[in-house]
Amino acid sequence: MDFLTKLQRSSYVRSIGIRGLNGGLGFAVSVLLARLLGPSDYGAYGVILSTAAIIAIPFTAGLPRAMAREVAAARVNEDPGLIRLVIRRGRNTFLLLLPILAFAAIVAWKFGLTIAGTSTGILVAALVAPMLAADSNRMAIMQGMGQAVRSQIPDMIVRPVGTAIIVTVLLVSVHHVGPEVGAVAYASATLIGFLVGAWMIRPAIKALPDQPPKTYMSRKTFLLAVFTLSILGSSKILSGNIDMILLNSLFSLKAAGLYKVALAGMALVVMGNNAIAAVANTRLAEAVPGGDKSKIAAESDRTMFWALGSSFLVMLPVIFVGRPVISAVYGSEYLGSWSILLILGLGFSVSQVFGPVESVAMFAGQQLRAAAAVLVSVAVSVGLAFLFAPVIGVHGIALASTLGLSLRQILMAIFVWKKFDLNLTLIGTISRALQARRQQI
């Protein structure tokens, strides 16, 4: 099989293709909303979505990860009964948490809690949260079933297209789109994506033999797995959304709008890495529990090669033409986003030299240590943000975020090295490549 044929059949290439399409669609939706809302309202929209992501932590922190891991393990062990049981446990846990979320949101609203300067922001965020959770669980099931590439289609394609269509329809109907309306459109599109994904995975689930599991998993065991993975997941979600919350507290909503545009650019920078991670996580979920160091190292090296290449390749146009593109597409009022994007993008690209250590740590049962690493990095990021913000403004939050990310990766690389005696960083990858070359000679 020649190189081009292998490339065409590569799950990484197909996954990057989907993420690339998503990057374009997401960018278009970002431009649409940024121009319709203006910097301040677009910042409010971003704060509402970040709040929704944090509210959804009880749903999305551990449940999708536990489902993906247990479904993948059951599939490898050829236990269809256990797959059905895990899916049922996940669904029941999700339904149990829904009324708790609704009650908490209503109480917060009644007590006058405001989000992004609006009293209804908390209710809108609470509406978005379960939609995000349902879609995360759907993707987890598909990844666990070995459909890593297909699992991304509803989230990566259906959601941005749906958001654009719904926003356009609302604009024509009511002639005004505010941050709350934009968030509701996003939630509705997420629900549509979930329904499409559920339709895609339904035949595979129906094809599973309806038989008792070979290995029974009690409700207590499942909830314990969800809880331990939640510690890591909640830390990650908090880490990914703390910037917008800090901006809402330390700066104006206009500054949050500039940062939101920079994050839209970051979506293009990280899309290759996310696509690779979607495939790599499926493979690492099978390789890591077995403890085969050569297989883990090989998968890690392959992942790093694609992740580094894609992130630095995308950063080149950001560096050289990012500023005029932002001015032409978003408008001159968003020009301040370019320098923020440079800091975030370069910091993320550099962090890829540590390899997929977070995924390896998670699948190796090192959730508590990984969560500790994330929490330490979040604490450091917040501390640095308060230190840098008075000196360099919004850029201080971006710089603090990138430094926190690098610290997190360093700590997790240390945990993986102690667990497997494996150096999965770029240094280890180069060392293994040189050793293999010497053996061939």
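Every residue, even glycine, has its Cβ placed from backbone N, Cα and C.
What you are looking at is a predicted structure, and each value in this text was computed from that prediction instead of being measured.
Marked as transmembrane segment by TrEMBL: 21-38 (among others).
Sequence-distant contacts of the transmembrane segment (44-63) (same chain, six or more residues past either end, CB-CB distance under 8 Å): 33, 37, 90, 93-94, 97, 100-101, 105, 115-118, 121-122, 124-130, 132-133, 136-137, 140, 179-180, 182-183, 186, 225-234, 236-238, 240-241, 243-245, 247-248, 253, 256-257, 259-260, 263. Positions annotated as transmembrane segment by TrEMBL: 44-63 (among others).
According to TrEMBL, the feature transmembrane segment maps to 93-109 (among others).
According to TrEMBL, the transmembrane segment annotation covers 115-135 (among others).
Same-chain residues lying 6+ beyond the ends of the transmembrane segment (156-177) with a Cβ under 8 Å from its Cβ atoms: 18-19, 21-22, 25-26, 28-29, 32-33, 36-37, 135, 185-186, 188-190, 192-193, 196-197. Under the heading transmembrane segment, TrEMBL lists 156-177 (among others).
Taken from TrEMBL, the feature transmembrane segment covers 183-201 (among others).
If one looks beyond the transmembrane segment (222-242) by at least 6 residues along the same chain, the residues whose Cβ comes under 8 Å of a Cβ in the stretch are 50-51, 53-54, 56-58, 60-66, 69-70, 86, 89-90, 93, 362, 367-368, 370-371, 374-375, 377-378, 381-382, 401, 404-405, 408. If you look up TrEMBL, you'll see 222-242 (among others) marked as transmembrane segment.
Taken from TrEMBL, the feature transmembrane segment covers 262-284 (among others).
The feature transmembrane segment is assigned by TrEMBL to 305-326 (among others). Sequence-distant contacts of the transmembrane segment (305-326) (same chain, at least 6 residues past either end, Cβ-Cβ under 8 Å): 12, 16, 261, 265, 268-273, 275-277, 334-335, 337-338, 341-342, 345-346, 348-349, 352-353, 356, 426, 429.
Within its own chain, the transmembrane segment (338-357) has Cβ neighbours under 8 Å at 258-259, 261-263, 265-266, 269-270, 273, 277, 280, 284, 300-301, 303-304, 307-308, 311-312, 314-315, 318-319, 322-323, 326, 394-395, 398-399, 401-403, 405-406, 409-410, 412-413, 415-416, 424-426, 428-429, counting only residues six or more beyond its boundaries. Taken from TrEMBL, the feature transmembrane segment covers 338-357 (among others).
If you look up TrEMBL, you'll see 369-391 (among others) marked as transmembrane segment.
Residues annotated as transmembrane segment in TrEMBL: 397-417 (among others).
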Problem set entry | Tertiary contacts of the transmembrane segment (93-109), as residues 6+ beyond its ends and Cβ separation under 8 Å | 55, 58-59, 63, 119-120, 122-123, 125-126, 129-130, 133-134, 137, 222-223, 226
Exercise. Are the transmembrane segment (183-201) and the transmembrane segment (115-135) close, by which I mean at least 3 Cβ pairs under 8 Å that are 6+ residues apart in sequence?
Worked result: yes
Seminar exercise, completed: Outside the transmembrane segment (115-135), at least 6 residues beyond either end, the same-chain residues with a Cβ under 8 Å of its Cβ set are 43-45, 47-49, 51-53, 55-56, 59-60, 63, 94, 98, 101-102, 104-106, 108-109, 154-155, 159, 179-180, 183-184, 186-188, 190-191, 193-194, 197, 248, 253, 256
